[in-house]
Amino acid sequence: MTIHLLFTQSFIKLCAAFSVRLVAAGLGKADIIAAFASAARHNTSFNDELVHKGAISEAALYRLWAEETGLTYDDAPDAEEVLLRPFDGPARLSSIRHILIAGPKGQSLLYMAPDLRELAMLKFYLRQYPEMRERLRLCPPSVLVALLHNRYGKAAAGRAQKMTPAHLSASLVLNGWQGFCFAGLLIGLLWMFLTEGGSRLAFLYWGMTLFFFACVTIRLLAAWNARPLHIRPLAPYRLHDLPVYTVLVPLYKEAGIVRQLIQALSALNWPVAKLDIKLICEADDSETLAALSRHKLPAQFEVLKVPSIGPRTKPKALNYALQFARGEYLVVYDAEDRPHRDQLLEAWQTFRGGGSDLACLQAPLVIGNFSCNYLTRYFSFEYAGLFRGLLPWLSRRGAVMPLGGTSNHLRRKVLQKVGGWDSYNVTEDADLGMRLARFGYRVDVINRPTTEDAPENYKDWKTQRTRWFKGWMQTWLVHMRSPVHTCRQLGAARFSLYLLYTTGLLLSALLHPFMLVSLIWGVALTISGYHDQSVVAAVLFNGLNLLTAYLSFHLLCQKTLRYEEKRRYFYLWGVPLYWLLLSVASWRAFYQMFTAPHHWEKTPHFPSRIESGLKHVEDDRRTIQTLPAHYAQEGIIIRPDCHKTAI
């Protein structure tokens, strides 16, 4: 009790003395009082509030603290080695506030970046043991981060590529029995086509057609309750209760979009002292790193440089950053994303009310440049059906959810438990959704969206869709290595629904041209007078199947559109062509599965053509005037018509 009282008195005296030093350094009393108040209100530290509000630089603050304590300030340690035990490595990189290093003369030095309360304890300790002053150094937290990256960067990069267990990784394309079955399937198909196997071909045809129809049924069921995006008000909350939230943004050759990204993330409605925003760059991506260096990044931003070890993929970069993440929760954004300013708040409230088995939340993606051309129209149309129709339907039934590649909110500890992202899977999002389900966790959806732009030319669209199809094929193969075990983990119903949805997604894309050709061929035979009843029945069923497939896709997507997205545009006419384009991408992906399974075809990102859209629309009346009324009221950023371009 006496020690506690002495410490409290010491802390009060330190606050007063340090406030005097801050005023002498040029800070206003109002800024100091506001920082103390914010620290109490947000449950953060006084120094974090000062630095994140831009009242003082990190280096200047710790110099003042060194003067107050009489310790040496050193932001350029001449360290021979960081003295951390092996188990103190990557597992603790996110929370270390002090580092013991071996100096050039063999002596050990303790470098510290304490907050104000820790500083009071340090002063109290030094009065008891003054001889320790010679071995203590004060430095900014960024110096500790740099030391850790220098010491553990390569080890963390090596761990990043192997974080996912080997039996759940796409590093191996086919295992032994899968390769045997695939070869047998090819031989069987070739044999049926080269021999008189009419009944066998008919069986194969009807089997594929029925499978196609099962996927149509899923879309129709999802369309039953599908509706446009609706955003509910947030529940009341206390700033004090908000945890640290990590934002991960992988960047590669994104120099042109850096300014927009910084503005978009700076607009997030979350205490800046509790934001841990990590911009993840490849170490040799000089253009992006140079673009970032030209901006004075706010204190909540940190640039991570990923060493060139292993595959150069987005999931490997995310795994690297995961080892340095400080947040209880984290979210992944792409470079072009403009998230709703309250998205983190909605995710946090949903996590709190969702139980410990709720591991991930998917925010809807809204296409900002939807009205540019045919491709962006149907990209937006497809996204509306997926994020506002199908995924909510799957989540309500506890089914396996294929995550989108961005705006995934996750519990950090759960993510680490299941093995992070698979560095060898080019659609790490879809794989993670399945892996979370196999480990017994749930995935749900939230409503506050992220705005992004669709590719505006066919080349970029094709490479993006090829990568997606290839990743879905990788994911299917990984989780079908032991289908019996997967079925036991998921349960028969969830496993069957997963098989129907994912296998149907892939087969419908691959087989759509053949079904379309067979329909045209059958109609031509019928018109020419060929009246074989089995052929007529097959033609009729095939035609019905294709027609219902087009209609179910159209119905699911159309029901989720807002008036501004669908006015003066009849989407149904373009569905067959769009599906043919998807087929081209799927066959390209199938070819790459055997020639370049881990090759990452990057989609280029460009700045949005309306920068006012980066600001929350409720705070910018000029922006509201340029946006559809319903979207402006709910904080959804939509680009106006861009220049019309052909696909």
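Using the three backbone atoms N, Cα and C, a Cβ is placed for every residue, glycine included.
Unlike curated records, TrEMBL annotations are generated automatically.
Residues or ranges marked as transmembrane segment by TrEMBL: 172-191 (among others).
Per TrEMBL, transmembrane segment is recorded for 203-222 (among others).
As annotated by TrEMBL, domain 'Glycosyltransferase 2-like' applies to 330-518.
What TrEMBL records for 498-523 (among others) is transmembrane segment. Beyond its flanks by at least six residues, the transmembrane segment (498-523) meets 205, 208-209, 211-212, 214-215, 218, 394, 399-400, 402, 434, 469, 472-473, 475-476, 490, 535-536, 538-539, 542-543, 545-546, 549, 576, 579-580, 582-583, 585-587, 590 of its own chain at Cβ-Cβ distances under 8 Å.
Residues or ranges marked as transmembrane segment by TrEMBL: 535-557 (among others).
The list of residues near the transmembrane segment (569-590) in space but at least 6 beyond its ends in sequence, with Cβ under 8 angstroms from a Cβ of it, reads 374, 377-378, 381-382, 458, 461-462, 465-470, 473, 506, 509-510, 512-513, 516, 550-551, 553-554, 557-558. Residues or ranges marked as transmembrane segment in TrEMBL: 569-590 (among others).
Mean per-residue pLDDT, taken over the domain 'Glycosyltransferase 2-like' (330-518), amounts to 93.
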